[in-house]
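Listed in TrEMBL for this protein:
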type	residues	note
DOMAIN	499-510	domain 'EGF-like'
TRANSMEM	516-536	transmembrane segment
TRANSMEM	548-567	transmembrane segment
TRANSMEM	573-597	transmembrane segment
TRANSMEM	609-628	transmembrane segment
TRANSMEM	634-655	transmembrane segment
TRANSMEM	671-692	transmembrane segment
TRANSMEM	698-717	transmembrane segment
Amino acid sequence: GLFVTDYFTRTPRKLSPFRSFASIELFHFHIPEDTVIAVWNLITFKEQGGTFGDQCPDRSITVYFRSGAPSVINPLHTHFPRDTAVPGSFALTLTWTLPNRTTGVFNVTSPLPGDWFLAAHLPKDEGKISVKGLYEECQYLFQPQLIVQRLVNIAVLYPGHVTEQSMAPHNRSCLYKVFVPSYTSRVLVEVLRCRGAEGCPLWLRVRAKAPPLHNSTTLDCREHTPCQLAQDLPFWQHWYYVLVEKHPGVPGTVSFQVTVQLTDCSRPSLARPPFLPSSASMNMPHSFGSAGGLALGDSPPPTSPNDTKHPVPIPVTSHAGERCWPVRPTLRNELDTFSVHFYIFFGPNVSVPPDRPAVFVINLLPVLDSGGVLNLELRLNVSSLCGENVTVFGCLNHEVPLTSSDNTSVTCETESLAGFLLSVNATASLSRLRIPYPQTGSWYLSLRSLCATEHGFEPCTNVTAEVYLRAYLSPCINDCGIYGQCKLLRTNNYLYAACECKAGWNGWGCTDNAEAFSYGFQLLSTLLLCLSNVMFVPPVAIAVRSHYLLEAAVYIFTMFFSTFYHACDQPGIVVFCIMEYDVLQFCDFLGSLMSVWVTVIAMARLQPIVKQASVLYLLGAMLLSMALQMDRHGLWNLLGPSLFALGIMAVAWTARTIRRRHCYPPTWKRWAFYLCPGALIAAAAVLLYAFVETEENYFYIHSIWHLLIAGSVGFLLPPRAKPSRRLGPLPRRKGCGYQLCVNEQEELGLVDPAVASINSICTS
């Protein structure tokens with residue numbers, strides 16, 4: 001055959017440590033049909049400060065692969081919620097081969113066509129809270145690339161037609177494909193008139209959706225005559241691939257014929273004639289009892305077709321009780337993103353007769369529905385059982401319904417199918433099933449009622465069970481509960497939802513409480529963060545006593561909003577919000593920065609120049625508001641205003657030192673008992689905030705930060721300014737009827753003495 005190579009790549013993305021599925025990076029690929037090999041080239045490199053991160057530590061990277069929907073991963077080994085089915089996926093761990101770059105390769109032979117998803121993340125870290133911009137962070141970038149090689153012009157087999165083939169000595173295999181429409185109960189592939197040097201030295205392999213592999217359904221034509229390979233309950237609306245492979249070391253040419261027969265569920269006694277479209281291909285509705293809209297039971301194996309190139313109906317011997325059952329459709333009602341309800345016609349109460357199963361179909365749209373959770377709920381109406389020991393079994397299968405006729409062992413699996421089993425009875429009348437990130441397409445639910453006896457389960461007589469059936473699609477499991485938040489995430493044009501847990505809760509639905517915070521701990525942490533702001537009361541009292549009324553107002557503002565911001569910022573259930581969270585956070589950050597600003601400006605002692613000091617206070621408030629709106633967590637939001645204010649203070653102190661020819665502040669007691677302790681306390685607070693604070697110790701370290709910052713303000717705030725020594729009016733001299741008065745404006749420095757005239761001549 002002719003091979004065509006396609007190449008796909010994605011933009012590099014920064015990986016994050018794993019905390020929940022919301023912290024992973026998801027990549028979406030599409031593999032075309034007839035692909036024989038897919039190769040993922042996984043490129044990972046480090047960056048630090050815009051250059052290669054040679055000094056960054058090596059951290060392993062885990063990559064997950066899954067076809068049809070994103071992977072449901074659990075690297076922390078947490079517990080899933082009850083009644084949750086966990087689909088499997090491939091996992092690969094990348095290790096570093098170079099200081100700043102590594103490459104991994106993941107090959108998939110004959111991959112399933114359609115959507116493929118890659119999920120990548122770093123290992124969980126210690127949860128350190130770092131100040132943005134304090135140091136150059138190590139970034140781990142991941143870029144997947146996909147190379148696929150697919151066959152073109154694969155020979156198509158038509159049901160009932162015979163295809164002749166000669167395999168040359170240099171050829172080892174021949175590949176065919178046949179399309180299986182809906183309501184097909186059996187696929188039979190047969191090799192006829194095989195002639196070779198050693199009998200029929202051929203292997204016959206069959207696989208759905210993709211070319212066969214070494215572990216696919218296989219038959220050795222040397223040992224089986226006739227060489228027939230049957231597939232019961234095939235996937236509907238998919239290609240089946242047939243590989244005829246020659247034994248190694250067989251000389252000469254091997255000639256053979258290959259034919260395919262499809263058994264129509266609506267007509268189990270005949271094979272599906274070619275060119276006769278099924279009800280699905282004619283877009284007929286899934287009506288109740290129509291011949292086309294049927295689910296299938298076990299179908300008998302057809303006999304071998306005649307050696308002819310013309311289609312021949314194949315009669316079969318029908319066993320007792322083998323029938324096809326109608327498939328009831330569901331009505332799709334979209335409420336929101338990943339919020340879809342599937343309503344049953346004449347439901348939601350469903351009658352399950354004793355002699356046949358009730359089959360329903362749920363259609364999930366490609367790509368759009370795979371990022372949510374498929375929920376199924378069965379509730380048995382016990383009053384409808386009439387005292388009988390009835391159990392209703394439900395099988396949920398993907399792409400083909402499964403209704404087994406075996407009463408002793410009720411399962412939802414075959415050699416080629418895997419499904420999910422639900423059961424309800426008089427004792428346990430409720431059963432639920434949740435499938436996170438379900439594969440799209442058609443899901444079939446088959447309900448069947450059986451009566452329990454001492455010999456096992458047997459068909460019931462004259463008892464029709466009534467079941468309440470509810471099927472819906474939701475973004476997350478139970479909306480992540482009270483200790484989680486359901487987040488809607490996007491990667492390129494693909495949407496998916498995931499839970500982000502808090503207060504120590506973990507798991508896919510935030511239901512794992514192994515590391516959860518108790519209510520007492522949550523209350524204690526909230527009280528610590530809130531009540532530690534009471535430490536601002538002494539600085540407020542000192543500021544009021546020293547006539548620093550503006551500074552006192554800023555400290556009160558900071559204390560108020562810091563208290564209620566931390567009361568609203570708690571991860572658990574001990575939460576109290578008086579305003580929107582964003583407003584409280586902005587006011588808390590603004591108050592903290594303004595406290596630093598007004599304290600340092602007050603230390604500069606600019607009060608004698610009244611107008612200039614007011615300008616600095618107002619300018620600081622405007623600039624800090626602008627900076628917080630731009631980047632609320634940036635390092636320079638705290639460092640920039642602080643350095644600018646310290647520069648103003650240094651200039652003012654230097655000017656006073658030069659003018660007075662004495663160090664300012666002039667007393668050693670001020671340095672020893674106020675400035676040095678206050679500076680040390682403030683430096684300790686900054687070091688705790690920048691280098692020690694983590695998610696685990698946040699509650700008490702941040703409370704200590706509140707205490708230290710408020711305490712440093714009490715030490716650093718300057719004392720009350722002494723009144724300036726002004727020359728009061730000269731004492732009036734009593735003389736011979738005249739008094740000489742001194743102009744008080746000149747003494748206050750408001751009038752130039754050179755142009756001022758003494759005009760205060762008082763008359764006695």
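A Cβ is built for glycine as well, from the same backbone N, Cα and C atoms used for every other residue.
When each of 516-536, 548-567, 634-655, 671-692 is scored by its Cβ pairs under 8 Å to the transmembrane segment (573-597), the top-ranked stretch turns out to be 548-567. Counting only same-chain residues 6+ beyond the ends of the transmembrane segment (548-567), those with a CB under 8 A from a CB of the stretch are 526, 529-531, 533-534, 536-537, 539-540, 575-579, 584-585, 587-588, 591-592, 594-595, 598-599, 602, 617, 702, 706, 713, 717. Mean pLDDT for the domain 'EGF-like' (499-510) in the predicted structure: 91. The DSSP breakdown of the domain 'EGF-like' (499-510), given as helix, strand and coil counts, is 0 helix, 4 strand, 8 coil.
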